[in-house]
Amino acid sequence: MTAAPTLQTIRLAPKALLHDHLDGGLRPATVLDIAGQVGYDDLPATDVDALASWFRTQSHSGSLERYLEPFSHTVAVMQTPEALYRVAFECAQDLAADSVVYAEVRFAPELHISCGLSFDDVVDTVLTGFAAGEKACAADGQPITVRCLVTAMRHAAMSREIAELAIRFRDKGVVGFDIAGAEAGHPPTRHLDAFEYMRDHNARFTIHAGEAFGLPSIHEAIAFCGADRLGHGVRIVDDIDVDADGGFQLGRLAAILRDKRIPLELCPSSNVQTGAVASIAEHPFDLLARARFRVTVNTDNRLMSDTSMSLEMHRLVEAFGYGWSDLARFTVNAMKSAFIPFDQRLAIIDEVIKPRFAALMGHSE
């Protein structure tokens, strides 16, 4: 009988990550180091452990708005080419060390121009850092493919410019577009021009929707904006009636989301921190998985949530009793939903993900 997944063995499993914010995944030591180099004096702590603890504690706020406040510090130390390159390089290293074989990492270029960099400078530097990180990881025997999503802040008015940026860099490592930030009062339909531009150029995009706000945000993202994926989308559970015996009935919105196989970029630990759910055990991930939605496992912000893909998977295993076949399905779901070309997705699934999961399950295909 195949042994149940443990944290130690999960660390060996290949992973595909679709929802990870570059400015939410810095190493605490890097934040301190760059802050010293650039003269940023507003950090809440000057010790690595104390700073890591502050980010973690501050992010357990119970609201999305308060959860986003610590980003002012990470963004402040990501304003120079040297800092952006380093953060991107280390991001690739950290993900590869956790056996992530494919990642789409997102960031908002508009947050990194306060020291005079242009949008193109920012994106080019980050992509260069990712490429160098990929090369270093391959040399260390931990190959990873890292691609980029450029994000527009939903409370600002730069989404069309950022969409154009995505198209300019589409053959250089940017595979899609996103909008992020506080949902309440900032519906995705305010950015229709950007989404139409992406569709006009046959490009892919995801939308943060259904995280802190409810079904209207999801409906707009799908029906009016045409999102290829949903960032979080956890509130779709509000359109599912669950019986006392565990049976369920999908509402119209939930049904179309499932029927169209629109991927959900679920981030369990982050959802607990922002108050979207009370605990991992109460997270609707398992309900959505049993209902055969295309669920994927993601980190969101590794620094703020003090997490990794392995930890996210292990927490789900502990909460819902998942086995290797479940983790393999969630991983294949993510790889199927990636924004790279079909043949590249298939190659990673068939040549990397399936064989390595088969080995972990004690048999070969």
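Including glycine, each Cβ sits where the backbone N, Cα and C put it.
Glu211 (active site, proton donor) falls within neither a helix nor a strand when secondary structure is assigned with DSSP, and so counts as coil. In the shown protein chains, 26 other C-beta atoms lie within 10 A of the C-beta of Glu211 (active site, proton donor). For Glu211, the entry in Swiss-Prot reads active site, proton donor, with the evidence type sequence analysis.
Summarising the annotation, Swiss-Prot assigns Zn(2+) binding site to His19, His21, His208, Asp300 and lists sequence analysis as the type of evidence. All protein chains considered, the CB of His208 (Zn(2+) binding site) has 28 other CB atoms within 10 Å.
Under the heading substrate binding site, Swiss-Prot lists His21, Asp23, Gly181, citing sequence analysis as support. Spatially close to Gly181 (substrate binding site) yet at least six residues away along the chain are Leu68, Met153, Arg154, His155, Ala156, His208, judged by Cβ distances under 8 angstroms. When secondary structure is read from DSSP and collapsed to three states, Gly181 (substrate binding site) falls in the coil class.
According to Swiss-Prot, the feature site 'Important for catalytic activity' maps to His232. Neighbour count (other Cβ atoms within 10 Å of the Cβ, all protein chains): 29 for His232 (site 'Important for catalytic activity').
Cα spacing between Asp23 (substrate binding site) and His232 (site 'Important for catalytic activity'): 18 Å, rounded to the nearest whole number. Neighbour density at the Cβ, taken as the number of other Cβ atoms within 10 Å, is lowest among the binding-site residues His19, His21 for His21.
On its own chain, Asp300 (Zn(2+) binding site) has His19, Asp20, His21, Gly24, Cys267, Ser269, Ser270 as residues at least 6 apart in sequence with a Cβ closer than 8 Å to its own Cβ. Residues His21, Asp23, Gly181 are recorded as binding substrate; their most distant pair of Cα atoms lies 13 Å apart. His232 (site 'Important for catalytic activity') sits 5 Å from Glu211 (active site, proton donor), taking the Cα positions as reference.
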